[in-house]
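Taken from Swiss-Prot, the feature domain 'HTH lacI-type' covers 2-56. Per Swiss-Prot, the feature DNA-binding region maps to 4-23, 48-56. Residues annotated as hypoxanthine binding site in Swiss-Prot, with sequence analysis given as evidence: Phe73, Lys189, Phe220, Asp274.
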Amino acid sequence: MATIKDVARLAGVSTTTVSHVINKTRFVAETTQEKVMEAVKQLNYAPSAVARSLKCNTTRTIGMLVTQSTNLFFSEVIDGVESYCYRQGYTLILCNTGGIYEKQRDYIRMLAEKRVDGILVMCSDLTQELQDMLDAHKDIPKVVMDWGPETSHADKIIDNSEEGGYLATKYLTDRGHTEIACLSGHFVKAACQERIQGFRRAMAEAKLTVNEDWILEGNFECDTAVLAADKIIAMDKRPTAVFCFNDTMALGLMSRLQQKGIRIPEDMSVIGYDNIELAEYFSPPLTTVHQPKRRVGKNAFEILLERIKDKEHERRIFEMHPEIVERDTVKDLTKS
């Protein structure tokens, strides 16, 4: 592996001159710059990031903790973060924790050892252990995204799940639906509790009674949506609409209902949450609640950069606002 001395020897200059050319820290004659860069090219020389980080006290590296990078919502946010990291010359270290305490602990320790400039946190498990681990590294700038834990030492981006739950339910009630079911994720998750609160608020506003038996628990994956669909099919009295707390479960639910001869939206309406890229390609295309996932990723990275530059800034909370994307899975009963 070539060293800076090899470059200097081939270019016929000092190592100091090579350093100034590469780092653009001092004027160097154009002809000399060309010699140095030609030597760099010939030797395939790459400056030591470790040495540079020791000198500049920055690694230009960001760590990101996520529960599951294969989750379609998370993957689109990650794509936004990675895109903006690349544009700004930062490397992203993605840590897929699976919600496992040991992995969270080990990844946070590893990121600290690698002297990352900051950490983005997007973990759906609201554990005290994770909060304590993050708080133990007060010197590392952090931004908590979406479902992440509350911590006094990190900026936070909140997705307004209560508002999203309200908008989805109001969309259904405005179209004449009075018998509405919910397919939630795990009830213990804060986002699910908030969406249920929004659902209840919209139902109360429309002076409708909530059927508690129609609030079903899933896990944000297709398998539990299929089980929920089977429960709905077996009901003596079925809801006219189902509000799914993410698009993945909406897909699983719709698929199972259609397999059993229940037409969407003619026989049952479905509204999702997230507006993942696949939602418009469902059959029929899914009406859903849009979350600006790539903008969340961009904003999180920009906020983290501000925190890196000003570590003493008071804690900030940024709100995102969901909106309805109207497609073809909700029947308007007022026109029947």
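Using N, Cα and C of the backbone, Cβ positions are placed for all residues, glycine too.
Spread of the hypoxanthine binding residues is 16 Å (greatest Cα-Cα distance among Phe73, Lys189, Phe220, Asp274). Classification of Phe220 (hypoxanthine binding site) by DSSP places it in coil, neither helical nor stranded.
Each of the binding-site residues Lys189, Asp274 was scored by the other Cβ atoms within 10 Å of its Cβ; the lowest score goes to Lys189. Long-range neighbours of Phe220 (hypoxanthine binding site) (same chain, six or more residues apart, CB within less than 8 Å of its CB): Asn71, Gly185, His186, Phe245, Asn246, Thr248, Met249.
The Cβ of Phe73 (hypoxanthine binding site) has 23 neighbouring Cβ atoms from other residues within 10 Å, across all protein chains displayed. Reduced to three states, the DSSP call for Phe73 (hypoxanthine binding site) is helix.
Predicted-model confidence for the DNA-binding region (48-56) is 65, expressed as mean pLDDT. Taking DSSP states H, G and I as helix and E and B as strand, the domain 'HTH lacI-type' (2-56) has 39 helix, 0 strand, 16 coil.
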